[in-house]
Structures are given as structure tokens and as C-alpha cells.
Amino acid sequence: MSGSAITPWVVGNWKMNPMQADAQKLIQELKQRLADQHISKERCRIGIAPISIALLSVQQQLADASVEVMTVAQDVSRIAGTGAYTGEVSANLLKDSQIDYVLIGHSERREIFADNAQVVAEKVKNALAAGLHIIYCVGESLEQREKGQAEVVVLQQICDIAAVVNADQWHNITVAYEPIWAIGTGKTASPEDAQNMHAKIREGLSQITPAGARMAILYGGSVKPENAVELAACPDINGALVGGASLNAESFYQIAHAFAQTK
Ligand code: 13P
């Protein structure tokens, strides 16, 4: 199956934003936009990853949206279950609150919060065991790219989790390629560079699992309405993980619309 037969995902990663009143307004505007001009979930799956304390209220506000909008946690504890782990939220507790999706391995977690390969693998293992769907983030730094190591770094990040994913769990993983140098910088990987890396990721995944041919591989890093159509036209780019532009309902909608129309 070619990568372009995969239903695209467009997920807004709100990171440590916004204030409550702005979040409510943003959701209202997005719901209104989706009501005005529908995007069916067969054409594009839409998700929002708010701050952890807003997960349930966002989920509630999205419940009456005209199309399903997934509520996605931005992170999860590496500890499973319940217990004396101050400040942590486990995969089981997310699932218990009907939060079914989680980002793992975002470069900001890896770089600022020391989520190394082992920690990331523990999070993946627990999230899958709890029945969550994971958006697993990978990506190289500018230094690694300039040294010609981008592919090796990204494929290693895939390999880092391979040992903890059972053969029947790969369909619960979506990969997001986010070159670190493109995050929040306004610099997007060129569609050619992004497509090349996505093709490598698909090849790597396909060597590990037959599910690799069908897995969505999202691109992240300064995605905006102006570049979404070009990115969406690439066969192995099956959606976007959107930071800054997801804080504006119209921009986020336009990105989802671009993927829904182009794929
Ligand atoms: P920007 O879209 O702000 O570059 O952020 C990308 C990102 O990190 C999404 O997870």
C-alpha cells in the first residue's frame, strides 16, 4: 500500500499554552469552523493535545463537535499504574479518564526533561499496555543534520522502542518526524527533505513490522497553512503535528483542510 492511502492525522500540540479563557475560545472557534465546513474523519483525523490539567475539560468541550476531535495527552509517566509518585500521571490513569492518545518522545521532553531512550521506551511500553494510541516523536538536531547523521539518529529512535512493542501493537503507533531545527523556528524542512526522511522511516518501520506500510507518519516543525498543501502532497507525509499554528483556530483548521483535500 502506498503511504498516500493512509488517512491523515492533523494534531495540534498546544505545548505549555494557552490560558483557560483562550483555550475555551480556541475550541469554540474550531468547533464553529468544523460545523461550517465539515472535514470527515475518513479524510482527516483531527486531534488536540492540551496541557494535562485541561485534558478533561477540553475533551468535554469537544464532545459535541460536528466531527470527532481526539484529545491527546502531551506526555505520560514512565511509571505504570497508581502509587506514590508525586506529580506523575500514568497511562492507566489517562485511559481511566478516557484519554486514548498520547505524545511520547517529543524533542522538548528529550532535551529539557531528560527523556532518554530508556525512559521513552518505558513510556511506550506502559502506554501500549494500558491500551493508548501513541504519537511517537522522532527528529534530529541541526548539528546532527549538518554532520550527515539525521537518518541514523531518527532510525535509532525508532529502534529504541522496537523491543518494547509487541508485533500486534504497531497499529497503535503513529510516528511524528519533527526535525528539532524546524520546531518553532519558522524553518520548515523542504517537502523533498521531509518526504525523503518519511520514506526512510517507512522503510525502517517496514523492516520491523508489516504494519509499517500502513502507519501514519506525521511531519512537525513550523507547519502552517502556507506550507501545508505542499507537505500534504508528499506521498509519505500522512499528516502534521502542529505547534504554534494550532493556537489559532483558523490556521489549524486550514492545515487540517489542506491534508483532507490533498490526500
Ligand atoms: P511548531 O509548529 O511551533 O514548529 O512546533 C512543532 C512541534 O513541536 C509540534 O509538536
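A Cβ is built for glycine as well, from the same backbone N, Cα and C atoms used for every other residue.
Feature list (source: TrEMBL):
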- HIS106: active site, electrophile (ACT_SITE)
- GLU178: active site, proton acceptor (ACT_SITE)
- ASN13, TRP14, LYS15, GLY184, SER222, GLY243, GLY244: substrate binding site (BINDING)
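Neighbouring residues of the recorded substrate site, listed in sequence order and excluding ASN13, TRP14, LYS15, GLY184, SER222, GLY243, GLY244, comprise ILE183, VAL242, ALA245, SER246, LEU247 (Cβ within 8 Å of the Cβ centroid). Among the recorded positions TRP14, LYS15, GLU178, GLY184, SER222, GLY243, the residues whose Cβ sits under 6 Å from any atom of ligand 1 are GLU178, GLY184, SER222, GLY243. On a Cα basis, GLU178 (active site, proton acceptor) lies 11 Å away from GLY184 (substrate binding site). Rounded to a whole number, the C-alpha distance linking GLY244 (substrate binding site) with GLU178 (active site, proton acceptor) is 14 angstrom. Put plainly, the recorded positions HIS106, SER222 were compared by Cβ crowding within 10 Å, and the winner is HIS106. Around the residue listed as 'active site, proton acceptor', a 10 Å sphere centred on its CB holds 28 further CB atoms from the protein chains shown.
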